[in-house]
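Working notes, structure below.
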Amino acid sequence: MSERNAASARTVACLLGPTASGKTAAALALAARRPIEIVSVDSALVYRGMDIGTAKPTRDERAAVPHHLIDIVDPADAYSAAEFRADALRLVAQIAARGRTPLLAGGTMLYYRALTQGLNDLPAADPDVRATLDADAARDGWPALHARLAGIDPATAARLAPNDSQRIQRALEVYLLTGQPMSALLAAPPRDNDAAAGLRFVPVALEPSERAVLHARIAARFDAMLEAGFIDEVERLRRRDDLHLGLPSMRCVGYRQAWEYLDGCTDYRTMRDKGIFATRQLCKRQLTWLRAMPERIVVDCCAPDATVRAVDALERVLDGRAPA
């Protein structure tokens, strides 16, 4: 964005951070001071019936402050970054038109990048292609499909673990639909970003000064989810004939581990440990994305007054006192 366009653009504050960094507390604290509406930037919160394992805001929290892009999709359905971008831009405009302040808050960095940088020309998901790949994986295993991907798109395969089923499937799907490797398509310039041209997104990032503190929070939160009935929640989902572990919804952190426990593949302790480890890995990926944003305003989420600091940073952004 040019200096002239930046000066005339409407600022949109964004509260980003990894799992368990305190985003909800900071957003609600800001809502006590300003007439905000929260637009969720979280790929797990879109799914209905997945409340405990996604740490969805409570009914009281959602009643106190308007929340958007929560409970909008059935777990049997997909929701893409392109759909998020269109929905988020529409909501930002509608909230501003009501005389209120939009606050984007969440930790799905792919969504944030799609919103702020636009999208490459990747094809939409194809159920038939995905069904074929799922069948191949059931027969041969995801490491075999990872090896297949390495033969056609070594750059993408190199950054994926052999069991990263969701991303391996997507990379193979893109190749089968376009005949081109995903790495080549992603290297192309994004499509025009006209819909966001009048907006200036400013990220406030909650990041840990001590990784061990965040890891302890993650473990405590996962244990609290288990005590709150997470296994029962997954069991209800598992009883549905139209849900399976290959769906994006069931790839949300914790759900696969709980499902496999219910299938008898692991014991309770192993399920817990795997769930916590998967959450820590998600946190690591989120921090990698954040640290690639030089424009972000960093708040130490481990500080005793982290919520106060985050609210202060967000208010500086909204008042035009943040660095340009």
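A Cβ is built for glycine as well, from the same backbone N, Cα and C atoms used for every other residue.
The feature region 'Interaction with substrate tRNA', as given by Swiss-Prot for the ranges 42-45, 234-237, 286-289, 302-305, sits at 42-45. Per Swiss-Prot, the listed range annotated as region 'Interaction with substrate tRNA' is 251-256 (candidates: 83-88, 137-142, 251-256). Check Swiss-Prot against the ranges 21-25, 126-130, 161-165, 166-170 and you find region 'Interaction with substrate tRNA' recorded for 166-170. For the region 'Interaction with substrate tRNA' (251-256), the model's average pLDDT works out to 94. All protein chains considered, the CB of Arg130 (site 'Interaction with substrate tRNA') has 18 other CB atoms within 10 Å.
Other residues of the same chain near the ATP site, with their Cβ within 8 Å of the Cβ centroid of Gly17, Pro18, Thr19, Ala20, Ser21, Gly22, Lys23, Thr24, are Gly107, Leu206, Cys301. Here the region 'Interaction with substrate tRNA' (42-45) is broken down by DSSP into helix, strand and coil counts: 0 helix, 0 strand, 4 coil. Here Thr108 (site 'Interaction with substrate tRNA') is compared against the binding-site residues Thr19, Ser21, Gly22, Lys23, and the shortest C-alpha distance is to Thr19. Residues Gly17, Pro18, Ala25, Gly107, Leu206, Arg217, Cys301 surround the recorded substrate site, their Cβ atoms falling within 8 Å of the Cβ centroid of Thr19, Ala20, Ser21, Gly22, Lys23, Thr24, which are themselves excluded.
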